[in-house]
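Colleague: Take this structure, written in structure tokens, and hold onto it; I'll ask about it next.
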Amino acid sequence: MAERRRHKKRIQEVGEPSKEEKAVAKYLRFNCPTKSTNMMGHRVDYFIASKAVDCLLDSKWAKAKKGEEALFTTRESVVDYCNRLLKKQFFHRALKVMKMKYDKDIKKEKDKGKAESGKEEDKKSKKENIKDEKTKKEKEKKKDGEKEESKKEETPGTPKKKETKKKFKLEPHDDQVFLDGNEVYVWIYDPVHFKTFVMGLILVIAVIAATLFPLWPAEMRVGVYYLSVGAGCFVASILLLAVARCILFLIIWLITGGRHHFWFLPNLTADVGFIDSFRPLYTHEYKGPKADLKKDEKSETKKQQKSDSEEKSDSEKKEDEEGKVGPGNHGTEGSGGERHSDTDSDRREDDRSQHSSGNGNDFEMITKEELEQQTDGDCEEDEEEENDGETPKSSHEKS
């Protein structure tokens, strides 16, 4: 009872808020950026003090009117005015408390750390020999991972990695003062927005009009009937699309053994806007082993190399054909004489090598014998030529 009396006395001392204060608080409530979180089991909206000060400095009360001074000229004047709003319980100060892990989880982590430290000491000696192999494998994995990430980024509709945010909770602060900075303040004042008021009024009018459907004219009834049928067909088509895309995914998944994940209209049932639910048209993800990816890449590189080699071979063939047309038969005529000369020179070199294998005296004796044989051979050849010459002469005389 005593606390209630004190609270009533404080309210009487502070007084009720004026129209100007309500207008400023309403403007701040709907224009200052806010966030929602849980506090003491309730869902609340909170804002940051520095953003509230910036918002009020950009408002109409920061500009001087004719014959009147501006309400907000500096940041200090805004802070003083917000202190008045805080005392009149438009909002109150809160304290951010980061969520800590439970003691059981901490003990489990400590026990795991001790067990892992003992195992690591035993494995250190083995790891030193395997470090070189691991470094090579890691480099290859990094390259493959970069390629996969680049491919995923190029494909539209792929979900991006979510950044992990630290969780916190709000608690009421003991010192209820407005300070310009990163302080957190929770809204108590929650007026009805003009848009919500208009939407509620339209909804009430629509319900009353629906109850008066028998009194509508015939043209309006037919029009509403066709509109309702069209809306029902549209909803049914979306449901059929959702079922068909699941069936298509299952068929591709079964045929490829779970390696290819193909989704048609992936955002159709997602919590997005109407237009965003139909974009992108499809998404494709490959979740098979990396060996298949490497094989595909190797096959592509081989195909490229084959195509390059075929192009080179075609160009070389053309050059050879052009070279063959120019020289003609001149090369064939000179080739026969060169072959004969090469065989004679080879024979002479073989004879010289055989003769040089013996001593010096043997070489002299062999040369003399060869000279005698050569002279005898020359004489015999001369006699044969003379005999050949005489035979045609005798034939001519007989004729």
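Using N, Cα and C of the backbone, Cβ positions are placed for all residues, glycine too.
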Colleague: Out of S150, S307, S335, which one does Swiss-Prot list as phosphoserine?
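Modeller: Swiss-Prot records phosphoserine at S335.
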Colleague: Name the residue among S125, S313, S353, S394 that Swiss-Prot annotates as phosphoserine.
Modeller: S353
Colleague: Among S315, S341, which is annotated phosphoserine in Swiss-Prot?
Modeller: S341
Colleague: From T135, T164, T375, name the one Swiss-Prot lists as phosphothreonine.
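Modeller: Looking at Swiss-Prot, the phosphothreonine feature maps to T375.
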Colleague: What residue among S309, S345, S356 has an entry for phosphoserine in Swiss-Prot?
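Modeller: Out of S309, S345, S356, Swiss-Prot attaches the phosphoserine annotation to S356.
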Colleague: In terms of Cβ proximity under 8 Å, which residues at least six beyond the ends of the transmembrane segment (235-255) contact it?
Modeller: 261-265, 268-269
Colleague: List the helix, strand and coil residue totals of the topological domain 'Lumenal' (218-234) as derived from DSSP.
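Modeller: Each residue of the topological domain 'Lumenal' (218-234) counted once, the result is 17 helix, 0 strand, 0 coil.
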Colleague: Give the mean pLDDT for the topological domain 'Lumenal' (218-234) on the 0 to 100 scale.
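Modeller: PLDDT averaged over the stretch: 93.
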